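J.: Please find one structure pasted underneath; my questions will follow.
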Amino acid sequence: MPVRRYGGRYNNSSPGVSNALSPSTTAGRPLSPSPAAGSKLASTHHDPVPQEAYYVNDEADAWHQQQAPFREPSVEVEVEMIDDEPPHGSQKSLSVAPYTANASSSSGRSKRNAITASGYTFYTNERQKTVYEALRSLRPLAELQEPRRVKEYAETSLKDSLYRIIEAHDVIMVAGAFFGDEGKGKTVDAVAHHPLCTCIARVNSGENAGHTVYDKAGRKFVFNLAPSGLLLPGKRNYIGPECVMDPVSFMEKEIIQLIDAGIDYRDRLFIGNVCIVTPYHKLLDLLGSAANSSTLKGMAPVHGSKVMKRGIRLDHIFNDDETLRKRLEKDMDTYLGLLKVKNLSDADVVRLCREENSDGVVRVPDYVIAFAQAKDKVEFLVKLYRDRVRHNPDFPARCDVTYELHAAVLRGEKVLLEGPQSYWLSNARTKFWESTTSADTTAAGLLAASQLNFQKFKSVVLNVHKAPGSSRVGIGACPSSFVPQDYFSAQNIKTLRDLPSETCANFEAVQRTLFRDGFPHSNDKARHNGIMAPVEYSDETGKYNIGVAMAIASAQHHGECGAVTKKPRVCGFFDCVLQHEVNSIQGPYLTISALDRGDEYDKVGVTIAYVYYNPEGKQVDVNGHVYKNGDIIRAGDPVPSEPALYHCHPIVKLIDGWRDNPIAAAKRRRNAPLPRGVCELLSTIEYFTNCKILSIGNGPNGDDIIYLRQ
C-alpha cells in the first residue's frame, strides 16, 4: 500500500523545508506502510475464496414463493446516511462494544496493539517526529495574518435573505461543496417551503446518496432517492431519467415508510425512465471494490451498463418480458464473466455476501443473495420485477420528468434540484476521479441532467459545507483530514462499534490537547506556521497520535458516521483551498451547517494552504506542473490531483473559539450579535474563498438557521 500523506503549493517553493527525511514518514499523522504480517487489512474483495458446501436453490421460484407479493413483512426503513444532516452541539458518545484482544498486557495497550497489526499505528513514532522537525521550519505565510479586518455580521430574516434569491431565479440548486454529508437537507427544506417552489427533483445519482427528513409530527423518514419535498403538501416530486434506481430496494426502504405513515404520494411523486440497478450490479460492486471504497449500491457497474447501452431502464420492466430477458441476459455477461475469471461459484458469492452482513448490518439485501443462489438468474429477475414493480399497485406514477419540469418553469413556478453527494465527489472532477461517485454531482451536472434550458431559465447554486468537523467518507486523498481516509478501514474498523470501548471518548480533553500542544506557537504570530505537531493524547485505553485521537473523538462526539452502519467518517479542518474552487465554479453563495459545534472548541482550525512534502523526495507532475518538496498551494491556485494531494499537509490558521458566547439555538438570544470568533471564522472563509456566506446552521431543527445580511 502506498504511503498516503498530505500537504502542497502551486508555484512558490518554500526555502525553510528540510529534505533530510527517511522514506515512508509523515508529519502529524499515522504512517501508511505496507500491511504487516498477519494484517487484518483486506485490500480488496477480489481474491477467490475457498469452495464451501452451500445449499443453492435449483428454482428461481423457490425464493419468490416465500415472499409477500409487494413487500416483505419486516422492512428495515433506516438506511446508511450518505448525506445526512450533521448532528449539532454536544452529542452523547456512541455506545462502542469492547474490542477483544488476545494479548495479556494491560487492557488499553492490548486493545491498541491488536488493532495496529494492519500497519497503521495509534501512537506517534520517531519517524513522524523527524518529519515534523523538517516541516516546522517552514516560514510562516503572510496569509496566516489575514484577514486584517474582521467583518461584523448582522442577522436578517429568511424572507430578506434566501427568499429574495429564490424569487430572482427559476431553477435553484442545492449542492454539496465538499465530499458529501454537508447537511444539505436543511437548506433543501428551507427552499422547498417557498410558496413558488412547486417542484423538487432528484435528477442524477442513486441510492448511494441519502438524507433524513422529519414531518410536522416529528416522525423521521430516511430517503435515498425520494425527494425531500414528499412530506410537504402541495409539492410535486420527481426522480429524473438520469438517476439510477434499484426499484425493489426503493419500494422496500423508502416507499414503505410513506405507506406505513399513511402519507399519500400518488399524485405527488413521479418517476422518469431511470436506469435499473440490478442484483448483479450490486454483486459486481462487492466483488470488484476495495474495502471502504464503495457503498455496495452498484453505482459504478450500473453506470458502466448505462454508458455501454447494455442495461435496462424502467420502461423495459413495464413492457414485454421477452425484450427484458434478452437485455438482462446480455448485460449479465459481465457478472458471469467475472465469476469465471475469479474462479468463483455461486456458493462463494453467497458466502461473501453473508460475511458482509455478519456484523448485523444488512449491506447485501436478501433478494440479492437469492439472485446469487438462483439457477436461472434471468428468469429470477423477470419474475422479481414483474411481482415487485410492474404488478405492484404501490409503485409510484411514471412520467416524462424533463417535460414536466420544463412546463413548470414556463408557468412561472420554481424548480428545486436536490443535489446528491457533492462537487468533489463528482465523477466529472478529475482531481479525485479514482475515488468519486459515478455521476456528475456538480451543479453543472445537475443542470445538465435536468435538461432545463440554461440559456432561457435563470439558475442559482446554494453551496453547502459544514464546520467544525468537515468530513469525508470512503477512500481517497483529503489533505485537511486528521488521518488518512483509509485509516479506519485499514484496521478492519467498519463501524464505531469496532473501536475499543471508551477510546478517546473525552472530546473536551482531546480537542484541548490538539489546540494547546498540537500548535505550540498558536499565540505567537511570528512563529506560528500552521503545521500541526505530532503530539500524543493519553487516556485509560492507551496513547494516541493527536490526529488519530481527533479522528476518533470527532466521529463519536459529533455522530459522524452512518446512521445504521456506524461507519465512521473522517473529520478534519475546513478546507479553503478546495472551497475556493467550488465557489469559483458554482457561484459565491455558501451556507455553513452545524456551526454550533464550535461552541465546544477552544479554537477552530481553517486550512488556508497546503505544503507539498513527499518523504521519499519524489516529485509529481500534474497538468504540466511539477510539485516538489516545499511547494505551497494556496487558495486560488490550481488544485492538483490525488497523486500530489496524498503528499499535501494542511497549513492551518487558528481562530479563537466562542465558548463563553454560544450560538446554539437552544442557548442563543434571537438577533443577539454574533461572537467575535464566529465573525472571524466567517471573515476568514470569505477572504480565502471569495464566497458570500448566506447562512449558518446552529441547531438540529429545520429552522435552526441564522441568515446573514448581504
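Cβ coordinates come from backbone N, Cα and C, glycine included.
What you are looking at is a predicted structure, and each value in this text was computed from that prediction instead of being measured.
The annotation region 'Disordered' is assigned in Swiss-Prot to 1-51, 84-111. Per Swiss-Prot, the feature compositional bias 'Polar residues' maps to 10-27, 101-111. Swiss-Prot lists D181, G210 with the feature Mg(2+) binding site, giving sequence analysis as the kind of evidence. For H211, the entry in Swiss-Prot reads active site, proton donor, with the evidence type sequence analysis. According to Swiss-Prot, the substrate binding site annotation covers A563, V564, T565, K566, K567, P568, R569, on the basis of sequence analysis.
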J.: When the Cα of P568 (substrate binding site) is compared with the Cα of each of the recorded positions D181, G210, H211, which one is closest?
T.: D181
J.: Fill in the CA-CA distance, R569 (substrate binding site) to D181 (Mg(2+) binding site), as an integer in Å.
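T.: A Cα-Cα distance of 9 Å.
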J.: Can you give me the Cα-Cα distance between D181 (Mg(2+) binding site) and K567 (substrate binding site) in Å, rounded to a whole number?
T.: 13
J.: Give me the Cα-Cα distance between G210 (Mg(2+) binding site) and K567 (substrate binding site), rounded to a whole Å.
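T.: If we compare the Cα positions of G210 (Mg(2+) binding site) and K567 (substrate binding site), the gap is 15 Å.
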J.: For the C-alpha pair, I'd like the distance in angstrom between H211 (active site, proton donor) and K567 (substrate binding site), rounded off.
T.: 16
J.: Within 10 Å of its Cβ, which one of these recorded positions (H211, R569) has the largest number of other Cβ atoms?
T.: R569
